[in-house]
Amino acid sequence: MPADFSLLHRICKLVVLLCFFHIAVTVFFYVRSFDIPLAFPHKRQSHNNTTQSGLDTHTVSTSRTEWNTQNEEGTAAPQSEPGQKSVTEPRKSLEKCPETSPLLVGPLRVEFNNPVSLEQIKDENPNVQLGGRFKPKDCEALQKVAIIIPFRKRDEHLKFWLYYLHPILQRQQLEYGVYVINQDGDETFNRAKLLNVGYQESLKDKDYNCFVFSDVDLIPMDDRNTYKCFSQPRHLSVSMDKFGFRLPYNQYFGGVSSMSKGQYLKINGFPNNYWGWGGEDDDIYNRLASKGMTISRPSGDIGKCRMIRHNRDKQNDPNPQRFDRIAHTKETMNKDGINSLSYKLMSVEKLDLFTKITVDVGKP
Ligand code: UDH
Ligand code: NGS
């Protein structure tokens, strides 16, 4: 009797068909995983809107724009070619820094016995970028602060200032830039005009919203004295060693102060016509008072600071006109200030620890 192979034959055919089906399904999914554009146009379209992490490309391109902006501003940013992996990786969005920095340590030892070198300061502050710029890595600073220092021939003082202030400002979690406004030539010194120049020139660098005006020879003795702006103009050097750690008088606004852009513009900036020593800080106080502003200050304890002792500078003798000028602030302030500022920009040098801006401010 011939063997009946028909059942076996059918089973074999079924197995072969199943195998083909299995292979076809495998090939289908394998090919799909390559994301071939022409074969799967719908998939490509959806890839344009959605990254593999599920974030839409709007987010990705925004973060790229942010990096570009930072590049323009001179801070370090990764360079990536179009299509490189970093483009599709979303940038970690930073949370705002806390109102009070957790990095503060409180009272500090400040002394000027041993000179410091720029190399040493640079080594000790590796996160400070060219031009004396810094921004915290782990959080977004609450304020962007331009620190403006009126300057001429005080290099030793400047080194101490940079040595003490860079670490303090970083602990205060500020985004900041240091601008040293160097008066060119040997004409009579003009502190307030240099501060106006600093305001104007720093804004060419970045959209600062707070301005700290600091003499080069004043060092805070407590890092809780934050170099930022407040709802009223701030006087920061409230308790100086040379005044026995007290205010010399209630209206005193000299040394170190801060103002938001709005506060500064409300008083038309600072006077340009105080040549030589004295009075310009009193004029600034009068401007603030005449606009109904009050002075905000830290406590005497937190506001302690040391001044580097020095002799009177050449070409900065007491200005005999100062008493007359401060008696007329109200009448002069609207026409003398940031709206009438004129100077000749000689050079802008982006150095490792600060930006040095040399200007010819003219003469009396
Ligand atoms: N400044 C300079 N160079 C100068 C003059 C002033 O850099 O030639 C700057 C510097 O930032 C200084 C600030 O302007 O801290 C204010 O200068 P100032 O002379 O009005 O005030 P300071 O407190 O000296 O430095 C006051 C006179 C000190 C006389 C001391 C006598 N023992
Ligand atoms: C006042 C000056 C201010 C000066 C302050 C402290 O008398 O400009 O002393 O000076 N006002 C006038 O002269 C009208 S200090 O001891 O720091 O040199 O800031």
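Quick reminder: no glycine exception, Cβ is built from N, Cα and C everywhere.
On a predicted model such as this, the values are computed, not experimentally measured, just so you know.
Record features (TrEMBL):
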COMPBIAS  47-87  compositional bias 'Polar residues'
COMPBIAS  88-98  compositional bias 'Basic and acidic residues'
DOMAIN    97-229  domain 'Galactosyltransferase N-terminal'
DOMAIN    234-310  domain 'Galactosyltransferase C-terminal'
REGION    43-99  region 'Disordered'
TRANSMEM  12-31  transmembrane segment
Mean of the pLDDT scores, which run from 0 to 100, over the domain 'Galactosyltransferase C-terminal' (234-310): 98
Three-state composition of the domain 'Galactosyltransferase C-terminal' (234-310), taking helix and strand from DSSP: 20 helix, 16 strand, 41 coil
Secondary structure content, the domain 'Galactosyltransferase N-terminal' (97-229) (per DSSP, counts of residues): 39 helix, 31 strand, 63 coil
